[in-house]
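Single-structure report; data block below.
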Amino acid sequence: MSLLEGLSHIVLTAKTFEEYDQCIKFYSSFGFQTVSQDANATSAEGLVNYLHLFGKSPVQNITLKIVLSPDATKKSPFPEEKDWRLEHALMNSVSANIAGVEEILKSLNFSFQKYTYPGSDLSNSSQDELIHTEIYAHDPLNNLIVFTNKLMPFSKTIYATSPKVTNSFNLTLPSLKSNKKRIGFLTSGGDAPGMNAAVRSIVRVAVSRGCEAYAIFEGYEGLVSGGDMIKKFGWADVRGYLAIGGTLIGTARCKSFRQRSGRLSAALNLVKNGIDALIVCGGDGTLTGADTLRQEWPGLIKELIDNGKLTTEEAAPHKNLNIVGIVGSIDNDMTSTDITIGAVTSLHRICEAVDCISSTAASHSRAFVIEVMGRHCGWLALMAAISTDADFVFIPERPPSENWESEMCRVIKKHRLLGKRKTIIIVAEGAIDLKLEPIKSSYIKDILAGIGLDTRVTTLGHIQRGGRPCAYDRNLATIQGVEAVNAILQATPETPSPMIGLRGNKITFQPLMEAVELTHQVEVAISKKDFRRATELRDPEFAEDYEAYVATTFVDNKDMLVPEYQRLRIGIIHIGAPAGGMNPATRTAVRFALNRGHTPVAIYNGFNGLLEENVNELSWIDVNGWSSKGGSELGTNRSEPDFDMGMVAYQMQKQRFDALLFIGGFEAYHSLIKLHKARDKYPAFCIPMICIPATISNNVPGTDFSLGADTSLNAIVDNCDALKQSASASRRRVFVVELHGGQSGYLTVLSGLAAGATSSYIPEEGISLKTLQSDVNHLRRRYKEDKKGNSSGRLILRNECVSDTYTTEVIANIFKTEGRGLYDSRTCILGHIQQGGAPSPVDRIRATRFAFKCLYFIEQHAFPTMSTEQTVRPRVYTNTKESAAVIGIEGEKVICKPVDDLLKDTDFKNRKSTKAWWIHLKGLVELLSKWGYSEKETETENLYEAIDKSMQ
Ligand code: ADP
């Protein structure tokens, strides 16, 4: 459609001064700005005007050179009555405000043609916003211009112009001079992996928004001492921060800040440095200190004036202090948020350690008592126990029963009898019994020795502080850093200081002191032996996770058994490509099913296996160790039931399946739909059927996260860190990295955020020559800014399906050639490495949650109307729409959604969900790699250079 698609500048030649002037006016009306004009021209002839459109996205950046020349030949006008879509356009202009374009054309008295097409939803937007509109108009030189609200001309999907996602960011940049706040930030209390990622995003977003960012070193110590401990940070100061554990700006426990005198010095230092807002990252102590400072602020300022340390003029701009808290704590001990920065990385280290210990324990048939951190919070211990198939766990919120010693020995003996060669006990450092007496690892060891087990104690200690942050913590901290700056910019003197949290995948804001107060109530509840309350105060999943752990770990708990006539034969099948979490989900389903009295049956190698009768009942010990196993122990492939539907039904009947549990990606979802649709024809499919989404692409409708996606992100980020290191060492090298994901850009965007990529190409947006040109310019700018001999490696992430034309190789070659010696490029195709090795703890936990709830779903739909007096086993028969569902995470809830209801959210052609809650994060990847922000001079300077060079 567009003649000049892909070019970053266009030359227009006007014959008369009038046309020249009209052209400038016309384009200025649509946001083009004059960046340069030849004011020295001696006569009107030869006049030149450069106009530039400064767009937010690369495709919206374009330069026009308008030249006045008597030799110009004007295009003849295209007939009004014809369809202007048949004409070649000079350019495509992307505009979110298409109605505004129409208004402007009307006010300029220009005729236009308008066409609308229905779009498809990607962001929960209303249908009105999904109309794709094109407006065709001619400029004063009769060139056809197309205005469209379709983000990318080649994209398959149309975005709503303003995505209504709850956690979208305002990425619009205010003018550089407005809103110039001085934002101070510090990290305090215990260090936590991800703190550096938060610092990086605070600095970069603050700078992008025209603010100044001040690092305060060593936590409150730096604030109290002032001087060199407070330093202005710029863009480059936080380079490389993402991948580093701990906190690079230091942390300390500061006694003096607990005293008013200490806080008085802190106030003085803040005012002297002109800092009017503070972001603190730490635990509840840090947040309490921050709130005290804010409450005392007016009094502190008055005192500083009274004792002559500050003049009234100096103090005048600092009547208020805005404070925002981000929680950095490996313990995940803050209530009011699902997760704190650092906790997931810490869990990674614990799981790695327990996985290692497990092999030696199994080799020697030993028992290990492993002590993990958590003085008042059992989150790390419980999640580690779930993730590593531990035999017993001790946490402060749920002390064990009175005679726990004999109960523990009974459980362990039973596990040993079933064939387990290792015993793992996880103890939180704050574990207590019902009398509130501490439960010590050494005591547990003595008890186990008493039943003849060779037992060792391992205290994991500071290893749990984490080191390199995992993908989850990097993204959590990055996003919370952005929101912290946004909160500062939006704060009024009356706004209470917020704590930034997370519920589901949504960012939350809560008055800081309310959150701290609730956290302290956990300790109070424990001290009052109100353990139910203590558990409730944790995140909403905590109590359920504990229940799931107990229900899937201990055997022979007769209380859990359902009556004999309600017992089911449950088929379990893996479909699609392997994904981390498939085995842990199967393990949980099998163990819980057995504890309820059901019979779990493995179907090996997908539907092919079913047809070959490759099925087997699974026992408790068959799934031993599967919590930490990657891939698919049952075997998986992409084949779906098609022509052989009758044979599938026959085998289902033959195997007497009462329910079917699918674990897999889009193929699993699609297979479930096919079986559900064939229920009229085949009664064998009239049983409860549920799908656990498991695919690294995260493209299954009905869930925000599928199993395997987190494992894959970590695998990608690990490799990207290595590539960045290699690229940095080689100096001035760009890696174009090709990633999996099918038609979904999830992995590309999320790993781009976690690895600090410069740009990411995703199928939802497509890719064009113009994008590449923009990226080349961007890379050239960045490499020019780098200090000599100190250049960082850069990454461009490309989804495998983004374009058939612009392959990874082609892109790398274009970058290399167009870099013109400033940098070179290499490709890297990560391939199947992206499936990861062992599943990540996040995937193990999600797998447990999903599988546990799936079993309840199956029971509920197998006998929805059965009376409790019934004793004869009826045949399972259900064909309700609710009995064929996908389990998923939606916001903060785990829910089962009927497949019938998900059809409208499914893009079958591209095999993915039409919802992409994560799409707005792409803008953040670009913002944090300096897209959209440039010192004005550099921008203009490079612009001229680019124009001049390309016109030579
Ligand atoms: P965390 O933030 O991880 O909970 P701490 O409890 O050690 O770690 O708190 C970190 C710092 O916050 C302390 O060293 C102290 O400077 C400050 N702080 C903690 N509690 C208070 C308080 N009640 N009043 C003032 N400052 C406090």
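The backbone N, Cα and C atoms fix where each Cβ goes, glycine too.
For D331, the entry in TrEMBL reads active site, proton acceptor. According to DSSP, D331 (active site, proton acceptor) sits in a coil region rather than a helix or strand. The Cβ of D331 (active site, proton acceptor) lies under 8 Å from the Cβ of G283, T340, A343, S346, M373, G374, R375, C377, W379, L380, each of which sits 6+ residues away along the same chain.
Annotated ATP binding site per TrEMBL: G190, R253, C254, G283, D284, G285, T286, in sequence order. Secondary structure at G283 (ATP binding site), as computed by DSSP, is coil.
Less than 8 angstroms from the CB of D284 (ATP binding site) sit S329, D333, M334, V516, T519, H520, each of them six or more residues away in the same chain. As annotated by TrEMBL, Mg(2+) binding site applies to D284.
Taking a C-beta cut-off of under 8 Å and a sequence gap of six or more, R456 (substrate binding site) has these contacts in its own chain: R366, A367, F368, V369, K445. Annotation source TrEMBL lists substrate binding site at S329, I330, D331, R366, M373, G374, R375, E429, R456, H462, I463, Q464, R465.
A simple way to gauge crowding: the CB of R826 (beta-D-fructose 2,6-bisphosphate binding site) has 17 other CB atoms within 10 angstroms, across all the protein chains here. According to TrEMBL, the beta-D-fructose 2,6-bisphosphate binding site annotation covers R638, T695, I696, S697, N698, N699, R733, E800, R826, H832, I833, Q834, Q835, R911.
What TrEMBL records for 182-488 (among others) is domain 'Phosphofructokinase'. On the 0 to 100 pLDDT scale, the domain 'Phosphofructokinase' (182-488) averages 95 in this prediction.
Annotated domain 'Phosphofructokinase' per TrEMBL: 569-857 (among others), in sequence order.
What TrEMBL records for 1-554 is region 'N-terminal catalytic PFK domain 1'.
Per TrEMBL, region 'Interdomain linker' is recorded for 555-568.
Annotation source TrEMBL lists region 'C-terminal regulatory PFK domain 2' at 569-952.
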Listed binding-site residues with Cβ under 6 Å from ligand 1, out of D284, G285, R465, R826: D284, G285
DSSP-derived structure type at I463 (substrate binding site), helix or strand or else coil: helix
Protein Cβ atoms within 10 Å of G283 (ATP binding site), excluding its own: 23
Residues in the region 'Interdomain linker' (555-568) grouped by DSSP into helix, strand and remaining coil: 6 helix, 0 strand, 8 coil
Remaining residues near the recorded ATP site, that is with C-beta within 8 Å of the centroid of the site residues G190, R253, C254, G283, D284, G285, T286: S188, G189, G219, G282, G289
Separation of alpha carbons, Q835 (beta-D-fructose 2,6-bisphosphate binding site) and R465 (substrate binding site) (Å): 26
Intrachain C-beta neighbours of G285 (ATP binding site), sequence separation six or more, cut-off 8 angstroms: S188, G189
C254 (ATP binding site) and Q835 (beta-D-fructose 2,6-bisphosphate binding site), distance between Cα atoms, whole Å: 44
Rounded distance in angstrom between the Cα atoms of N698 (beta-D-fructose 2,6-bisphosphate binding site) and C254 (ATP binding site): 44
G190 (ATP binding site) and R638 (beta-D-fructose 2,6-bisphosphate binding site), distance between Cα atoms, whole Å: 47
Cα-Cα distance, maximum over S329, I330, D331, R366, M373, G374, R375, E429, R456, H462, I463, Q464, R465, record's substrate binders, Å: 33
